[in-house]
Amino acid sequence: MSIEVNNESAIAADEAKLQRLAGYTFDIMHVHPDAELAILLVDEAAMEQLHVQWMDEPGPTDVLSFPMDELRPGTEDEPSPAGLLGDVVLCPQVAQVQAETTGHTLMDELLLLMTHGILHLLGFDHAEPAEEREMFGIQRDILVGFARYDRQH
């Protein structure tokens, strides 16, 4: 699998941990091992520009996802096809404010946001209550499982 992390923000982040979580998420969601993902960390100005351009919304946001080949989760017997999953763009400055509000670390917030972004790339959404329950449940399960996995490795 190809997971590229590019930090263009002024805030340091554990890029290796972001890559490990992305790989773990690929495994859990049965994404083909040759799938490609780009993770980009940008400052508030760059995120605001993307948010306006692609979502027609003012101000910076925490995470944006840009799907490419519209890959979907696979199964253990039949993983998703290989392809370009897409890009997840994170804004550490916005994430920092959210982390302080919720009482956890910036890195925990970035891990949550990246998982959220990958799930969007895999076709999950949270526009409707049932979709939200499903997506957020999967997101929680991935993060809890990854915390255990990462401690053991």
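Glycine is no exception: its Cβ is also placed from the backbone N, Cα and C atoms.
Mapped onto three states, the DSSP output places His116 (Zn(2+) binding site) in helix. According to Swiss-Prot, the Zn(2+) binding site annotation covers His116, His120, His126.
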Protein Cβ atoms within 10 Å of His116 (Zn(2+) binding site), excluding its own: 21
Winner by Cβ contact number (other Cβ atoms within 10 Å) across the binding-site residues His120, His126: His120
